[in-house]
Amino acid sequence: MKPDRGMRGNMSQAELMMMTVADVIKQLVEAHEQGKDVNLNKLKTKTSAKYGLSAQPRLVDIIAAVPPQYRKILVPKLKAKPIRTASGIAVVAVMCKPHRCPHINFTGNICVYCPGGPDSDFEYSTQSYTGYEPTSMRAIRARYDPYLQTRHRVEQLKQLGHNVDKVEFIVMGGTFMALPEDYRDFFIRNLHDALSGHTSNSVSEAVRYSERSNTKCVGITIETRPDYCLKRHLSDMLCYGCTRLEIGVQSVYEDVARDTNRGHTVKAVCESFHLSKDAGFKVVSHMMPDLPNMGLERDIEQFIEFFENPAFRPDGMKLYPTLVIRGTGLYELWKTGRYRSYSPSTLVDLVARILALVPPWTRVYRVQRDIPMPLVSSGVEHGNLRELALARMKDLGTECRDVRTREVGIQEIHHKVRPYQVELIRRDYVANGGWETFLSYEDPEQDILIGLLRLRKCSEESFRPELKGGVSIVRELHVYGSVVPISSRDPSKFQHQGFGMLLMEEAERIARDEHGSWKIAVISGVGTRNYYRKIGYELEGPYMVKRLD
């Protein structure tokens, strides 16, 4: 029924909006019962016009108004940005308070390309951020309070129709480990408390309650520098429940690291990778093509070196092409003509060639920074660089075989393909002084990845007492596909179908029969420890361990 003009005249905008939302839901239910596909944007536009509204109803309001009996059916279809939880986990990025970069003390300045920080043009921003990225703006709104940042983001994802049973934190905002210990403890304690609802007095208490929380913290990622990734830093991060490190590498060339004022050597990068992997961490590196004194050939050479040389070989990579932003040393070089960025098409070519080099055990998390385009004076001109690079790869006849491209959840969203014939595939390689085994369940015909496990035979130099004397460690276990609440089984989703258990059994066999290890350890997120307890593991220090004899 279309309301007549008289009726509309007597109604407030809020009442008309309520009727519009109810009408949209009614049409969605009818479409579902008739088995039809609906274009939500067209439906919203048409229904808003019918009620004489100038604005469309927000997706959050539509999701909130769905009746209980239709929630299971409609909410997954309405979900905004399904990629957010396609890998099986809701990622919550939080920022620590702004602080100066630690290497100012001995190099006299920050890196030449770094835009943010307390002394920069961008007030309230943290080091290496502008304050205008979505995460930065959420952090500033919450006045950098970790508890509020977490609660607000989890609520926001819930309202957008995402399942937030499993949360992974990313701690951003400069070198977290350079901050005072009491602030770091306060910050991590509040992250765990925001999920469990408990108010803790110490990190260990927060972690204990977080283990039993309904919303599980399945991992914490901390951004750091190679010189803040030493034994004491790694031990602290293990106590926090951290499972992954993002290490700023930027370049594998010593002269470029020196000229851009990084404040550490490339040797320090290799050492930090070695220590981190021997402690069980997953290592993600930040790399910056198009730095000063590079050039196209040298850029391609550095990525060949990065993936081929066993001293590097990270588990993941964030690719951040250099951006020129006002107030930086690089901006001065660019203004005086001493630095030139690649042209947009050259950059797309370069990224396409880099993605073709990525081995199947590495995950490319990002291909550009989240910095708003108006702040960029020179550098990336496209907001969808990964898509353009993948399209260029199609033209060149190459393909990207990194973990993210092949994930089952992402494949389903982008290409509507589902795995058919699933096999266990094993890849062995040497990295950072240790024997690495990458186990995965894949559909080799369609090249779709369902689950993966990273197993490492710890080297002799392992510094953790729990990992000394012939121990193997599982550094990652992840079954992809949309988030399934931890206690339920959904036959159409790939999480909780037993793939994780099969991967663990194979890892235990390799550790016992091939590595000759007497014990296997797992670096487990705080919220997933009970999963390992069920299969015979117990807590020893920060690790879940099991004897193999």
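Heads up, the Cβ atoms here are built off N, Cα and C, so glycines get one too.
For 84-374, the entry in Swiss-Prot reads domain 'Radical SAM core', with the evidence type sequence analysis.
Positions annotated as [4Fe-4S] cluster binding site by Swiss-Prot, on the basis of similarity to another entry: Cys101, Cys111, Cys114. The Cβ neighbour count for Cys114 ([4Fe-4S] cluster binding site), using a 10 Å radius and every protein chain shown, is 21.
What Swiss-Prot lists as acetyl-CoA binding site is Lys166, Glu476, Leu477, His478, Val479, Phe499, Gly500, Met501, Tyr532.
Summarising model confidence by region, the domain 'N-acetyltransferase' (398-549) averages a pLDDT of 86. As annotated by Swiss-Prot, domain 'N-acetyltransferase' applies to 398-549, with the evidence given as sequence analysis.
In this structure the alpha carbons, written CA, of Cys114 ([4Fe-4S] cluster binding site) and Lys166 (acetyl-CoA binding site) are 33 Å apart. Val479 (acetyl-CoA binding site) sits 37 Å from Cys101 ([4Fe-4S] cluster binding site), taking the CA atoms of both as reference points. According to DSSP, Cys114 ([4Fe-4S] cluster binding site) sits in a coil region rather than a helix or strand. Long-range Cβ neighbours of Tyr532 (acetyl-CoA binding site) (same chain, at least 6 residues apart, Cβ-Cβ under 8 Å): Val522, Ser524, Met544. In terms of Cα spacing, the binding-site residues Lys166, Leu477, Gly500 all stay beyond 10 Å of Cys111 ([4Fe-4S] cluster binding site). Each residue contributes its Cα atom, and for Gly500 (acetyl-CoA binding site) and Cys101 ([4Fe-4S] cluster binding site) these two points are 40 Å apart.
When the record's acetyl-CoA-binding residues Lys166, Glu476, Leu477, His478, Val479, Phe499, Gly500, Met501, Tyr532 are compared pairwise by CA position, the greatest distance found is 18 Å. Secondary structure from DSSP puts Tyr532 (acetyl-CoA binding site) in a helix.
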